[in-house]
């Protein structure tokens, strides 16, 4: 297998892992927030990052990857900025209508294109721009509802978009500049992201929900029981496993169900965080955002089929238009990459002939 084929296979694997893990965690978190009433999204994200860091530390101890220290200021700044962008996105959702929040997410792609064009001299062809317009039109049709505006919410949304774009561009540029892998960057930045959200999370969640995250009762015995099932489930009798999961499925408001979904959410987040850095490192921030809108369409579809969420012909039309935009984007990106390979080969051939 050639190096180029190996890279393409790795990219496809990263994209697939990102889609599967992200859709899974959204469905899990939706059950956690909507059904079980655990509305502390920022604090939950800090737990996600802590579990991710612990998992990577174990992987480092088992020599699955090599620790590669680099510019500490870049790591600290990057980690804190990532944490701030997550907090601002949650605040944007809390102080805006759902429709305006979806508009905020749609604005990330054009903002990323603008920043990369202005500061990194990156050029996006007319075909790529057209495919992105089709994609955003479809996702907007499928997801946008009300667009209620307010000054504070608009400012928070603007800051959320800018910080998210910068953080995702930095994810790509840091990996290339310092020649580190996505795993190495995630391992070093995770503590700073987690610390930022651990400190700010309870206050932000209190501001948004008027509830204290520490008011919940977390029974250690139940958590141990859940972890045993998660890590050693294959050795547990099948009937016992069905009985165990049936216990919280039949009683969705129980404390047991709450703890199961919190642990499950944290475990899935390891794949989400890893695949995010992997995809941005192997492709680009814009491609990652395009992939994110594919996840949105899949979440809408899964919500309809699995959770019986309301669905309309407008949702279906929007998803179909968005899929057309994604296919066009993938097609034009592939064409441009092939053209770059041909030009590079021709250039290397000319150089060898001159020599």
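Just so you know, glycine gets a Cβ as well, placed from its N, Cα and C.
Record note: among 45-62, 171-188, 45-62 is the stretch given as transmembrane segment by TrEMBL.
The stretch in 74-93, 99-120, 127-145, 313-332 that contributes the largest number of Cβ pairs under 8 Å to the transmembrane segment (151-170) is 74-93.
Count of Cβ pairs under 8 Å against the transmembrane segment (99-120): among 45-62, 74-93, 127-145, 313-332, the largest is for 127-145. Same-chain neighbours of the transmembrane segment (45-62): 86, 90, 183, 186-187, 190-191, 193-194, 197-198, 201, 262, 265-267, 269-270, 272-274, counting only residues six or more beyond its ends whose CB sits under 8 Å from a CB of the stretch.
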